Every structure is written in C-alpha cells, then in structure tokens.
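Database features, via Swiss-Prot:
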BINDING   10, 16, 41, 45, 53, 70, 71, 104  glutathione binding site
DOMAIN    4-86  domain 'GST N-terminal'
DOMAIN    88-211  domain 'GST C-terminal'
C-alpha cells in the first residue's frame, strides 16, 4: 500500500469510521479524511459503491481505484496489513473475541441513535441500567486476562482501537457513567496512549463531534 492514496469517507463524526481512522493513525499511515455533511449526502451517495458509509477509496500510483466497504472488514484488513491482529493464533483469537464483545456493546449504543430526545433518554436509561454494565464486566474480564498492558499482549491491536472507540460512545450517553468504576478500562486507555504517541496526539487534537 506504499505510495497509495487512501481516502476515508464518512460523515462528520467518529461513528463507524473511527476504528478505521485510528488503525491508520496507529500504523503511521497517511490518509485523507473526507467528511460529508448530511445535506450533501444525497448527491454524493450515487458515487459511492453500495451507497453506504464509511467507505475507503484507494488510488494507486497508476491511478487505479479500489473501493473498500463495511467498516469492520476495512478495519480488519488495515490492521492485518500492519500487523495489528496479534502475532500468534491465540492472540488473533483474543483480538477477535474482544472485538465481538465490543460489538455487542456498540449494538446497545446504536439503539439510541436517530431517536427523538425523549425516547433517546428513555432508551439510554434502560441500557445503562441493563445490558451495558454486564457487557462492560465481560470486557473487563478479557482485559484482566491479557498477558500484557494492552488488550492482547503489549502491542497495539485492532481490539484496543475498537474498544476505546466504543467506550467513547458510552461516555457520550453519560459522561459520568464510567467514573469510579471499571478500573481495567481506564487503565487500558492510559496504557494504550502511552504505547502509541501518534494515537495519543490524534485523540488530543480530535475535534468534538456529536457521534
């Protein structure tokens, strides 16, 4: 992928594109971050294969274009390309296991999206008092089982990145929800940012967005 121009296309938010962006950042890969407004989306949609975002457009040195679709498939591809899916079969399994656990948590967050405010507040209360704590406990157990300081060992993997992306969604729902609880999750973020100065800078510089 050396010399290729990589463009990540999504709306002006973290959402499903953030794990892709963070994977590229952590790997030290330059990319163009194209953010589309909801107003412009109807006219841009026909130009995107499948008409869905996020999408990644890769243009090689000869002008040949390759489109990549489906957020987790893209993130996994980029992570594998840059040796961020574990170094052994056991580590690969643990990366995928944690990704699955995090996706369960993301599913709960998605229940709150595109809802009227009153309904959103009701759903938020239900999930924060229901499945979310259970899923966070499961994730904490996986973090405790790690053989290193990060999600799987001591090297940054996709599991680390999808985890902090979704934890940010939990705090979007309630900024105080994690305060004083889930020490493994707080320690994981601290260790991750210490392990990847590029990622730490990216997160420090990242503009606030509603999702």
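Each residue's number is its place along the chain shown, starting with 1.
Including glycine, each Cβ sits where the backbone N, Cα and C put it.
Confidence over the domain 'GST N-terminal' (4-86), given as mean pLDDT on the 0 to 100 scale, stands at 98. Residues in the domain 'GST N-terminal' (4-86) partition by DSSP class (helix H, G, I; strand E, B; coil) as 34 helix, 22 strand, 27 coil.
Listed in sequence order, 51 are the same-chain residues six or more apart from residue 45 (glutathione binding site) with CB atoms under 8 A from its CB. In this structure, residue 104 (glutathione binding site) is part of a helix by DSSP. Counting other Cβ atoms within 10 Å of each Cβ, the lowest count among the binding-site residues 10, 41 belongs to 41. Its own atom aside, the Cβ of residue 71 (glutathione binding site) has 21 Cβ atoms within 10 angstroms in the protein chains shown. The maximum pairwise C-alpha distance among 10, 16, 41, 45, 53, 70, 71, 104, the residues recorded as binding glutathione, is 28 Å.
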